[in-house]
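First the structure, in the form of structure tokens, and then the observations on it.
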Amino acid sequence: MSSENLELIIGWLYPTLMSTYGDRGNVITIQRRAQWRGYNVQVVALDQNSTDADIQAVDIIVGGGAQDRQQEIVMRDLQGAKADAMRDKIENGTPGVFTCGSPQLLGKYYEPALGQRIEGLGILDLVSVHPGENTQRCIGNLVIEVTASRLAQELEDMTGSKPYLVGFENHGGRTKLGKVEALGRVVYGLGNNGEDGTEGAFYQNAIATYSHGPLLPKNPFVADWLIQTALRLKYQEHISLSPLDDSLALQARSAMLHRLKVSLPNPAIAKV
Ligand code: GLN
């Protein structure tokens, strides 16, 4: 099947409320990397004007960070049939990348610095608590090794090297994982809570992370994993992506790793 006949629909969660820290870069990265390979791409906002059918129709979901107040507004809207549609999509393996405030909402609950607990969708077995306005936020560069076993293997198959992600975190909430698998282990930075060395979560094909950066421009192989996973699920064919020139992203990663004095066993990133 030629790529011009194939289409990907990216669903972007509440773009005006949840894209606080440049997370829009994740949407653009998926869009452009798919278009460069000749796929048709549509980006649709999933927000207050959307229905559950709009959520059901997307192939990849991207959710960014938000401030506590915005998270509350989103959770008031994401109820009933819309909440069920999100649950369905993730349970059925729709790939997605969810950053910071978004995983807090996909978890069981988030307790903001001020005000009432915000109930989450309960899709991810995790809870997040902001210890209060006088507690230091977790801010800074972040490097993690992906340890979620299937994802780590699939990324390694795509790139030929162990997957490390470079990003930037900025959150007050601390997340504790229940039975859900961590996305990775912290190599540099604080991650889920600054205590247990875990970062993010991985469930079905949903990547949850505190890493802004934004994540995908700095780690383009993750964008390719999302695209490939979405295409395979949608078209039920073993679609593989053609390679792109990632030398600039590779240089940016090396510069950051060098600055942070993190040396990785094998920093190569792209062979897709
Ligand atoms: N409001 C949440 C927190 O401070 C999420 C922040 C974010 O999405 N960057 O933990």
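If you go along the chain as it appears here, the first residue is 1 and each next one adds 1.
Each Cβ is built from the backbone N, Cα and C atoms, and glycine gets one as well.
As the structure is a computational prediction, the values presented were derived from the model and not from experiment.
Residues or ranges marked as active site, nucleophile by TrEMBL: Cys100. Among the features that TrEMBL reports, active site is placed at His212. TrEMBL lists Arg137 with the feature substrate binding site. Residues annotated as domain 'CobB/CobQ-like glutamine amidotransferase' in TrEMBL: 10-219.
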Just how many other Cβ atoms lie inside 10 Å of the Cβ on Arg137 (substrate binding site)?
14
Considering every residue in the domain 'CobB/CobQ-like glutamine amidotransferase' (10-219), what is the mean pLDDT value?
96
How many whole Å apart are the CA atoms of the residue listed as 'active site' and Cys100 (active site, nucleophile)?
8
As a check: which entries in Cys100, Arg137, His212, the recorded positions, place their Cβ less than 6 Å from an atom of ligand 1?
Cys100
Quick one: Cα separation, Cys100 (active site, nucleophile) versus Arg137 (substrate binding site), in Å?
13
Counting every protein chain present, what is the number of Cβ atoms, excluding its own, within 10 Å of the Cβ of the residue listed as 'active site, nucleophile'?
28
